[in-house]
Ligand SMILES: Cc1ncc(COP(=O)(O)O)c(C=O)c1O
Ligand SMILES: Cc1ncc(COP(=O)(O)O)c(C=O)c1O
Ligand SMILES: [Mg+2]
Ligand SMILES: [Mg+2]
Ligand SMILES: [Mg+2]
Ligand SMILES: [Mg+2]
């Protein structure tokens, strides 16, 4: 049975990427060795790393604009810390739109003064605050472009008088934006870019080197940049698989092309949520995420029937995060429109039955 | 042609492990999904993580002795920092036996006073210092059990009045030791345990929680322990492949069994280095590593001939580290004795020719 994989992360990758990645584990480039057992200093791997780094910049339209791309370890959670260590001299401004923003704030607070310019915490993070001011005397502004757990997404970004750092873990490479508005972008690979185990950081070099603290080597963006993202042994396989995914996206037509498909998927999904009286969306309509659609059953009595039907249709990974409950359909780049259609079909079938 | 893979890291893995890892990338457990695209909170992955953690403790003989095993990101280089952040209150004692020790010292120095109890730096790290004192009023003692670059290995460990932290990146699981002598052991996976992308940390819980600094979440061993090594998304594939390697080792008979094979390989290798007048060992004889044999050609004129012969025999990854030059035969657990024999054959053939 074909599985429709709505997992929130780690999440679906295309079959073409999985095939190549699987082959590389046995034999890379027919040279008799697995990709896993060759030196990261070999030409074979250095080429992979450089290709991944340049594809990331190219897809974001940031080539030749003073940005560097890094593939690091530690997950987006380590970026919560690295952003503060590298950019925070006195105080920083954070927008609190979800669990991940909140954790980013917590890690940064350890180092210095943080203000929350706005927060939707009291409303269960069901919307994106707007109309707030970003103070010009702060070191940087931090936001989360897509809130994986709650299913909200920033549709526009405020003009900022200070550098902007953005956690794009769950919507990187999914939509066109003017990425030059951001000075630092980071994203764990395991949603739109690859398997778990590497984190993309794209940083404008001229914002670095301005804090007075000594930064430990592994935490220092400048160190990683100076070593071409190879200060120490990089996570070879996660980076290779991410590179394959970026290549796939480029061949598809890049962000513009995937954006259209993503918008289509989201339209199909949210129409069903809205039109079907059995379901209710969680997030504020205008802030709905094109990546993670969160919704609940109006009548909890239908839970068992619905979940049996989901299972029979091969729909997997639909459980909502424990802090929201209900369901979450994660519709990342690699999820085909057909999978959304399969889900919507089950939902409307339930309506017929009920 | 069969390749004999002497790479220093990332390095050889057994064929059996590579086959299973490759299959899992396409379909894990025949459930229609790749291991790369399922949630790390799924039972399938939680089982893998728990198995990896318990196999690590079991193989080291540390089960039920107050230790916890973690599979983290960031490489051994991040441990240089984490050891200091978690254990260093006032001052720490380090043994400097190579480039990696030296880097560990550098990262720790950022945080507080460090003394080097002894160093072989002036002698090009060609030997292991002995007979030094470990002061009892220091927070911990740090050493590197095997010096990957220089080919030296600590054959015994000093009695220590203070907790002992040891970087075992390049000889973990390769020989029997009384591992209860160590309070913290860490090792990047990419030599004896798996592919690049995860780092094993084995720590005695009672040494933690004694420093006054606030430790960032991702840097805090206690945080990772409390979350079962799943504080954030773990590097799924590197951990799975490491688990497979630990399973392979257990089925082989564990550390005792592999130690015999490793000793055999080292004997064959070093005999040839010593008996063949064309080659000279780099490391002090009594400190020679069973993992990395470093040697040079006595007559550099033979370089081209030797390297052509190596290539023809399918011998790969033998280049010495740039800071030592010459050759380095890395003979990690997964390297078969036959590969060492193949190398030794080329070396003696060169002698016949010359
Ligand atoms: C928006 C966002 N930020 C950060 C994280 C944490 O990422 P990691 O587990 O790689 O640390 C996640 C994980 O789901 C996320 O969705
Ligand atoms: C003994 C030792 N320690 C530390 C390291 C650094 O490991 P990583 O590249 O995972 O940071 C190495 C790498 O070769 C090593 O051999
Ligand atoms: Mg969130
Ligand atoms: Mg509805
Ligand atoms: Mg060394
Ligand atoms: Mg000799």
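Positions of Cβ are set from backbone N, Cα and C atoms, glycine also.
Around the Cβ of residue B:41 (L-glutamate binding site), the number of neighbouring Cβ atoms within 10 Å comes to 15. TrEMBL lists B:41 with the feature L-glutamate binding site.
Taken from TrEMBL, the feature pyridoxal 5'-phosphate binding site applies to B:76, B:77, B:100, B:148, B:167, B:190, B:232, B:233. Packing around residue B:148 (pyridoxal 5'-phosphate binding site) is summarised by its Cβ count: 26 other Cβ atoms lie within 10 angstroms of its Cβ, all protein chains included.
Annotation source TrEMBL lists domain 'Aminotransferase class V' at B:3-343.
All protein chains included, residue B:191 (N6-(pyridoxal phosphate)lysine) registers 31 other Cβ atoms within 10 Å of its own Cβ. Taken from TrEMBL, the feature N6-(pyridoxal phosphate)lysine covers B:191.
Long-range Cβ contacts of residue B:167 (pyridoxal 5'-phosphate binding site) within its own chain (separation 6+, distance under 8 Å): B:76, B:79, B:100, B:101, B:104, B:142, B:143, B:144, B:145, B:186, B:187. Within the same chain, residues at least 6 positions away in sequence whose Cβ sits under 8 Å from that of residue B:190 (pyridoxal 5'-phosphate binding site) are B:9, B:10, B:11, B:196, B:197. Around residue B:233 (pyridoxal 5'-phosphate binding site), taking its Cβ as the centre, 24 other Cβ atoms fall within 10 Å, counting all chains.
In sequence order, B:103, B:107 constitute the residues six or more apart from residue B:77 (pyridoxal 5'-phosphate binding site) in its chain with CB-CB distances below 8 Å. Proximity of the recorded positions B:77, B:190, B:191, B:232 to ligand 1, judged by a Cβ distance under 6 angstroms to any of its atoms, singles out B:232 in sequence order.
Under the three-state DSSP scheme, residue B:167 (pyridoxal 5'-phosphate binding site) falls in the strand class.
Using a cut-off of under 8 A between C-beta atoms, none of the binding-site residues B:41, B:100, B:148 neighbours chain A. Taking CA atoms as the reference points, residue B:148 (pyridoxal 5'-phosphate binding site) and residue B:41 (L-glutamate binding site) are 36 Å apart. Residue B:191 (N6-(pyridoxal phosphate)lysine) falls within neither a helix nor a strand when secondary structure is assigned with DSSP, and so counts as coil.
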